[in-house]
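Input: a single structure, listed below in structure tokens.
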Amino acid sequence: MPEQSGKVQTVLGLIEPGQLGRTMTHEHLTMTFECSHVPPAPGDEGLAAAPIEMKHLHWLQQNPYSHSENLLLNQEIEAVKEELLCYRKAGGGSIVENTTTGITRNLPVLRKLAKETGVHIIAGAGYYVDVTHSDETRKMTVEKLTDIIVSEVLHGADGTDIRCGVIGEIGTSWPITESEKKVLRATAHAQTQLGCPVIIHPGRNKAAPGEAIRILQEAGGNISKTVMSHLDRTLFDQQELLEFAKMGSYLEYDLFGTEMLNYPFNLDVDMPSDSQRVQALAFLIREGYEDRILIAHDIHTKHRLTKYGGHGFSHILKNIVPKMLSRGKPTD
Ligand SMILES: CC(=O)NCCS(=O)(=O)O
């Protein structure tokens, strides 16, 4: 891809890497997450159907996936625009928008937000997890899927001329389904043609990140230009984390701001606090992985926007970076 080579492809066109500024590598600005709805606990049906109000915020923070309206981030374009303006004021430059086919990618909205806020937005090509694959997607060959992903980057996606700049987030479940394996192989083939970065959403099991990387590797993917997302809810044991890090992908802690006692998608998971995330990063830095770490908030529901009492897109810049600086270098 000679035109794009060495550049960053945003929804408004190509920029130099030096223009990116501080970048959140895993966010959503508009999407729907109905595919992950969790039925409310008996007795909570009223809360789950009630409008979002201050008095319900704690319940919502603990049960974000049980409130149907909370899963419709696509209804909050104005609030997201305000947030992006604050993000710029806080020193933010760019956002990688990870919404792929299956969770309502909206490229015209991303282009509008980029124009109106000055934040560089990089859109994601490809497909989310199996439950969102259409019958048509399931029937496609790896070659057809590859062509579509390549076209989303080279020509534009969803019937528009707006081009994606990365592949992902590519969704995988646990165990990885046959349809997801095809998409992973197509992702690797598209990456070989394009040379662009890939972002993977792993299933909620400690074996999931390694298995996804193995499939990409076998299909010829460039692991050094691949991001493994959501490690903060997936890999907890330090030795297992180091084993995974050795495979060579970027290591992404992208759920900053999420504090939840019972993680409904895997009740065995103890979702870490932000302090624990910072400690995990300090560990990786001590082990020599400073250049392989990426961080973000992965905002994908309404309640995490400041409009609804959430932490917003500036939480890392305003709160996490000062916390890290107060801890000093891990070797100090
Ligand atoms: C949009 C998305 O996939 N976010 C990740 C949610 S999860 O609970 O960490 O899988």
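The backbone N, Cα and C atoms fix where each Cβ goes, glycine too.
A quick note: this is a predicted structure, and the numbers were derived from the prediction, not measured.
TrEMBL lists His201, His230 as binding divalent metal cation 2, and of Glu152, Glu169, Glu259, Glu287 the one it places in that same site is Glu169. With the fewest other Cβ atoms inside 10 Å of its Cβ, the least crowded of the binding-site residues His26, His201, His230 in this structure is His230. The binding-site residues examined here are Glu169, Asp298; by Cβ neighbour count within 10 Å, the least packed of them is Asp298. Classification of His230 (divalent metal cation 2 binding site) by DSSP places it in coil, neither helical nor stranded. Listed in chain order, the extra residues whose Cβ falls within 8 Å of the Cβ center of the divalent metal cation 2 site residues Glu169, His201, His230 are His26, Asn98, Gly168, Ile170, Gly171, Ile199, Ile200, Pro202, Ser229, Asp254, Asp298. A C-beta separation below 8 Å, combined with a sequence spacing of at least six in one chain, links His28 (divalent metal cation 1 binding site) to Leu73, Glu97, Asn98, Thr99, Ile103, Asp298, Ile299, His300.
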